[in-house]
Every structure is written in structure tokens, then in C-alpha cells.
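Engineer: So TrEMBL has the following annotated:
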- 18-36: transmembrane segment (TRANSMEM)
- 98-118: transmembrane segment (TRANSMEM)
- 195-223: transmembrane segment (TRANSMEM)
- 270-293: transmembrane segment (TRANSMEM)
- 305-327: transmembrane segment (TRANSMEM)
- 333-355: transmembrane segment (TRANSMEM)
- 362-381: transmembrane segment (TRANSMEM)
- 401-421: transmembrane segment (TRANSMEM)
- 433-459: transmembrane segment (TRANSMEM)
Amino acid sequence: MEEEKETTTTTTKKKQCFWTWALASVIFRLVLIHFSRNLNLASRPEVSTPLTSLRRLAEGYWLKQSSISPYAGSMYHGSPLLLSILGPLTVQRGEGQYNHLICSLLFVIADFMTAVLIRATGQNLQMAYNQSLKSLGIVRLLERSEMLASGDIAALVYLWNPLTIVTCVGSSTSPIENLVIVLSLYGACRRLVPLAAFGWVIATHLSLYPAILIVPLILILGYGPDSPRRKLFQQRASIKVGENPSTDIHYQQKELASQPMLPLRFSWRLVVHFILWASLWSCYVLLLCGISVRQYGGLGEMFKSTYGFILTVPDLSPNIGVLWYFFAEVFDYFRNFFLIVFHVNILFMILPLAIRLNHRPCFLAFVYIAISSLLKSYPSVGDSALYLGLLGLFVEELADMQFSFFLFCGYVGISFLSPVMHNLWIWRGTGNANFYFATAMAYACFQIILVVESVSAMLNHDRMLRKLSIMKP
């Protein structure tokens with residue numbers, strides 16, 4: 001009884017601590033929003049891109065209010081639904097900024113809801129991980145894992161990540177994109193198929209790149225958020241039978257049946273439901289978009305100005321990616337070839353990673369998000385904020401990841417150097433484009449190292465589980 005009371009008290013304290021820090025992060029954002037004019041984050045190329053800039057959205061809404069196509073010119077390239085929702089909030093009323101504050105408050109709420117969903121996803125993932133350890137009979141790791149609340153860690157990392165904060169304060173629509181991506185993962189982990197399909201369709205509609213998340217979402221719905229590799233069960237069963245050949249067969253079967261086992265069969269029913277709901281939500285979104293842009297060229301014009309803008313990369317304004325500099329230097333004759341190379345590079349990684357990490361679909365989703373953030377046409381720090389927050393969900397599995405301190409210092413250094421190099425190039429004139437591009441290259445290298453080392457650490461963790469599961473108890 002006393003142990004149960006102590007456990008309950010500890011859990012209550014952890015919950016209170018989490019909500020205290022979460023509320024503090026919201027207050028901190030509101031304070032920064034009050035001084036957002038002095039910070040001038042909305043004009044930073046690291047924060048706002050041609051796809052996520054609220055200023056461009058306001059320009060598109062003004063064109064629409066003037067009975068002109070919001071895609072006229074080269075300002076707005078986002079969703080017409082997002083334009084209808086956020087557009088009225090960008091209109092200034094006199095000298096006040098009432099609507100601007102409401103729009104900023106919406107981003108704060110989006111960040112907070114994203115953190116809550118990450119926490120809930122982490123709880124489901126932790127339960128699935130504990131069930132996996134019980135299925136393999138690894139009690140020692142189970143006791144160790146109960147000491148860590150990965151969901152709380154991941155949520156607080158997302159809320160207090162400086163990249164998340166500057167994205168929220170910098171009037172970027174990235175918090176909304178991050179929200180719907182996490183919503184799809186949460187819905188899949190909870191087996192809420194309509195919610196998962198809704199989040200995936202909206203995320204794909206807003207940014208295109210989340211379309212590749214359909215692979216981990218299907219694996220989550222089919223196998224669950226986390227499960228050991230299917231081979232481990234057969235190996236463990238065969239080793240037990242091989243060690244005691246003289247033991248009664250009925251006793252062996254009874255002993256193996258008494259252990260909790262995870263479902264090894266793929267749940268096609270949920271996958272079919274997901275495809276049906278995704279098709280339904282896609283038709284609904286296309287219907288709303290068609291109604292919204294029927295006077296401005298229809299869906300064809302929308303696809304050309306949104307997805308076509310992402311795939312053809314016509315805007316070469318500087319950002320933290322590497323494509324802008326590359327296509328500014330490459331000859332026009334080779335432009336289409338390298339466009340295909342860069343975009344197909346993402347697709348080439350989908351199948352090998354899915355085959356190797358099919359038993360870790362949530363981690364697979366993290367890897368996909370990190371890779372798309374690295375290779376997408378117009379990246380921002382909001383993309384990195386999302387996958388760094390999701391990285392906290394795997395603190396147990398990635399505890400032995402190499403170069404952690406090096407990566408931390410690298411991200412901090414790039415965060416400081418990037419504005420400095422941009423200032424030297426654009427405003428002071430004492431540098432050139434190579435100064436800023438060097439920080440973008442370093443940033444890409446750190447992201448590559450993070451992906452490689454995290455995948456390596458996860459595979460090493462799986463090898464450790466395999467060795468512990470076949471050891472004699």
C-alpha cells in the first residue's frame with residue numbers, strides 16, 4: 001500500500017511539473033509576441049519561407065478581397081483554405097494590432113496543442129514499448145524504462161526549443177503544419193482512423209512532403225506504434241524448446257502461452273478504413289478548394305501555384321536549405337534534371353527505411369520528417385523544431401547515440417551564425433552569398449549526422465534486445 005501511495009504521489013508531482021513548465025512556455029511566448037515588432041523575426045529567412053510567411057498570406061488575402069486571384073504575381077503560394085481562415089486575422093484595424101494578436105495567439109495555441117498531442121503519443125508509445133519488453137521477458141529494461149516519461153520530455157523539448165519559439169513569434173504558419181502532422185500520428189497510435197486520415201490529408205494539402213508519412217501511418221495502424229521484430233518471438237520460442245527437449249511439451253506450450261504476446265498479423269481492416277477515410281477527406285478538401293478558387297482559375301491554377309511552386313523551385317530567395325544556391329548557379333539546361341534528382345532522392349529512401357524499420361513506425365515517421373526537412377525546397381527552422389521534438393520520444397532507445405554533444409553544439413552554433421552571415425551579406429555588404437550558404441551547408445551536414453546516428457542507435461538498441469531475449473533467464 002505504501003509503495004502504491006508513493007508511486008501515485010510521484011506521478012502526480014510529474015504531471016504538475018509538466019503542466020507548470022508548459023504554462024510557463026505559453027506565457028513566455030505571449031511576452032515575446034508583445035515585443036515582436038522589436039524582434040523583427042517575421043522577416044528572417046530562417047523563420048519565414050515563401051510557403052509559410054504570414055506577410056505573403058496577408059498579401060494574398062488582400063488580392064482576394066480586391067477580386068484578384070490570390071495567386072496573381074509571385075507572393076502567395078499556400079492553401080486557399082488557410083487563406084480563408086487566417087486571412088481575416090491579418091487585416092489591421094486602424095493603428096491597433098488586434099487581429100494580429102489574435103493570429104499570434106492562434107499560433108501559440110497550435111504549439112500548445114502540438115505539445116499535448118506529442119505527450120499523448122509518447123504515452124501510447126511508452127505503453128507499446130513496455131508491452132514489447134514484457135513479451136520478450138526483459139524485466140530489467142522494463143523497470144529502467146518506467147523511470148523515463150518520454151512523452152513529457154518530448155513535449156517540453158518541443159515547447160522550449162528556441163526554434164519552435166522563434167517560429168511561433170515570427171508569424172509563420174509552420175505551427176499549424178506541425179499540428180496536423182502530429183495529429184495524424186496521434187490518431188494512428190490511438191487507432192482513431194478518421195482523425196489520422198484527416199491529419200494526413202490536411203498536412204499533405206498544406207505542404208505536400210507529409211504525403212510520404214502514409215507509410216509509417218499504415219504500419220502504425222497495421223502493427224501498432226512499437227513492437228519487437230517478429231523474428232524474435234520465433235527465436236525465443238525455439239531456444240526454449242531446444243534447451244529443454246526432455247520437458248513435457250504441454251508444459252512448454254503452457255509456459256509460452258502465459259507470456260503476453262503482441263499481435264504478429266497485419267491489421268488490414270484498419271488500413272482499408274484509413275484509405276477510405278483519406279479518400280473521403282481528400283474529396284472534401286478538394287471540393288472546398290474548388291469552391292474557394294472557382295473564380296480564379298479553378299483547381300488547376302491552385303495546383304500550379306502551390307504544388308508546382310514546391311516542385312519547380314522558381315523562388316530562389318535565400319533560406320536555410322541548399323537548393324536556392326544550387327539552382328542559382330546551375331545552368332538552365334540542367335535545371336530540370338537536378339530538380340528530378342533532388343525530389344526523387346526523397347522517394348528513394350522511403351522503401352529501404354520502411355523495410356528496415358517497419359517494427360518502429362513512429363521512429364520511421366521521425367526519420368521521414370527529418371529527411372524531408374533536409375531536402376525540401378523551402379525549409380525553415382519550424383521543420384527542424386518538429387523532428388527535434390519527436391526525437392524526445394525515443395530517449396530510452398537513443399540513450400547511447402554518438403555525437404550527441406557535438407550535434408547540440410552544432411545546432412546552437414548554426415542558430416547564432418546564420419543571422420550573422422545573413423547580416424554581413426545583405427545589410428553590411430562585407431560578405432557574399434557564400435558566407436550564408438556555408439551555414440546552410442553546415443546545417444544540412446548536422447541534420448544528416450543526426451539522422452544517421454539516430455538510425456544507427458535504434459538498430460543497436462534492437463540488437464541489444466535480440467541478445468537479451470535469447471539469453472538464458
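Keep in mind that glycine also has a Cβ here, set from the backbone N, Cα and C atoms.
Note that TrEMBL annotation is computational and uncurated.
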Engineer: Tell me, please, if the transmembrane segment (195-223) and the transmembrane segment (401-421) are in contact, taking contact as 3+ Cβ pairs under 8 Å between residues separated by 6 or more positions?
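Structural biologist: No, since the transmembrane segment (195-223) and the transmembrane segment (401-421) share fewer than 3 Cβ pairs closer than 8 Å, they do not count as touching.
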Engineer: Which listed stretch (18-36, 98-118, 270-293, 362-381, 401-421) has the most C-beta pairs under 8 A with the transmembrane segment (433-459)?
Structural biologist: 401-421
Engineer: Let me spell it out: take the transmembrane segment (18-36), skip the flanking residues so only those 6+ beyond its ends count, and list any with a Cβ under 8 Å from a Cβ in it.
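Structural biologist: The answer is 42, 101, 104-105, 108, 111-112, 115-116, 119, 149, 152, 155-156, 159-160, 165, 168-171.
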Engineer: Same chain only, please: residues at least 6 beyond the ends of the transmembrane segment (362-381) with a C-beta under 8 Å from a C-beta of the stretch. Say none if there are none.
Structural biologist: 46-52, 121, 125, 163, 166-167, 172, 174, 181, 185, 189, 209-210, 212-213, 215-217, 219-220, 225-226, 310-311, 313, 315, 319-321, 323, 342-343, 345-346, 349-350, 353-354, 387, 390-391, 393-394, 397, 415, 444, 447-448, 450-451, 454-455, 458
